[in-house]
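Take a look at this one; I'll ask things after.
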Amino acid sequence: MTSPRRAPGGFPVVGIIGGGQLARMCQPPAVNLSLTLSILSESADAAAALVVPSAPVGSHLDVDDVLAFAKECDVVTFDHEHVPPEVLQALVDTGVPVHPKPEALVFAQDKLAMRERLTELGVPCPAWAAVRGEAELTAFGDVHGWPVVLKTPRGGYDGKGVRLVGSGPDAADWFAHGEVLLAEERVPFTRELAVLTARSPSGQAAVWPIVQTVQTDGICTEVLAPAPGLDPALAAQASQAALTLAGELDITGVFAVEIFEIAGAPGTAPSYVVNELAMRPHNSGHWTMDGSVTSQFEQHLRAVLDLPLGAVSPRATWTVMGNVLGGDYDELYPTYKHLLARDPGLKVHLYGKGVRPGRKIGHVNVYGEDLDDLRARARHAADYLEGTVTA
Ligand code: ADP
């Protein structure tokens, strides 16, 4: 494996395991911070491999690939949470700093471990249970109400690994694999929110304004920053809870907490429960690339290197992010040019991925003072790139 070329002046090499869009979006701030990124990439044409100076091809599942890669890095972090525990352990044993640490990362990898730990720490969660078969699921549903939200503890993303079941036998196919599953009450939430924080190894922490995430068919399609009309007490509690969690779990790097807002009885304040944790830059934080003084990607690099964190203040009253899903076409560039001409204030971030229907291929950001206008512009841009509107 050839060594990544360092910037002069003693600046470090940051290794990222996984060549997806999150690693790719670390490259612009890495350039500005004079850091060198090296990416362990699943293929030579992965989203990040196309833009970073060093992208050895290898598998995050192969301990030899990971160790050979890490030897050339001053710190190692992740594009995704799918590195298996034994590979993580071997990585830590080499002595290279790894952020987030495996002891923390497990709570983003395993939803059952996460629910157990959050419950121990007194963080509000949906009612939940580990269920080993139809009988235990039926017992849970009979107490907490049907339908039940059933989740595979590991490997889920974008709603894959989550389903609603109306009875114990409904889940027979999942139990057939012999896995212990996570059953949760179906929370009657009013909207989904996300709290994005960053924490460094020496304990400095920062929290961005809480955002609203809008999901369509299990995929986040729009983010409103900050969440409009959010109850200030709820915002303060949830921000504090995220910071406390980051400290208690010793999380390093960018850390996102997905939460459900629940309406209070008439005249009373809303409350929240925590849905999920992510320990890396997160889709709910893509707005920070244009809408915050420090983007989540820059902050993640600063945090894993234990550099002082950057300011997290917004650049405008509102920022709206729209995710761009692939449409049924090949040529993106002509569409892209039209969009830039139509809206000069629009920021389009594409991931260098081939277009496939439904595949996340980029996102757009717009920021300013008029939320309705920003939402309409972000929606139009995402729809236009997706090919569902043509003018
Ligand atoms: P993933 O790991 O795929 O992102 P999540 O646990 O975030 O899975 O669940 C995906 C979506 O399913 C959430 O965004 C939410 O809309 C819905 N969901 C998850 N858990 C619950 C719950 N307990 N009650 C109601 N809806 C839920």
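Along the chain as shown, residues are numbered 1 onward.
Just so it is clear, glycine is given a Cβ too, placed from its N, Cα and C backbone atoms.
TrEMBL does not curate its annotations; it predicts them automatically.
Not measured: the values here are computed from a predicted model.
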Given that TrEMBL annotates LYS111, GLU184, GLU185, ARG186, VAL187, GLU192, ASN275, GLU276 as ATP-binding, name the residue from LYS71, LYS151, LYS160 that shares the site.
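Within the candidate list, TrEMBL flags LYS151.
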Would you mind checking how many other C-beta atoms are within 10 angstroms of the C-beta on ARG186 (ATP binding site)?
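I count 15 other Cβ atoms within 10 Å of it.
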Of all the binding-site residues given, GLU184, GLU192, GLU276, which has the fewest Cβ neighbours within 10 Å once its own Cβ is left out?
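Lowest Cβ count within 10 Å among the binding-site residues (GLU184, GLU192, GLU276) is GLU276.
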Near LYS111 (ATP binding site), how many other Cβ atoms are within 10 Å of its Cβ?
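If we count other Cβ atoms within 10 Å of LYS111 (ATP binding site), we arrive at 25.
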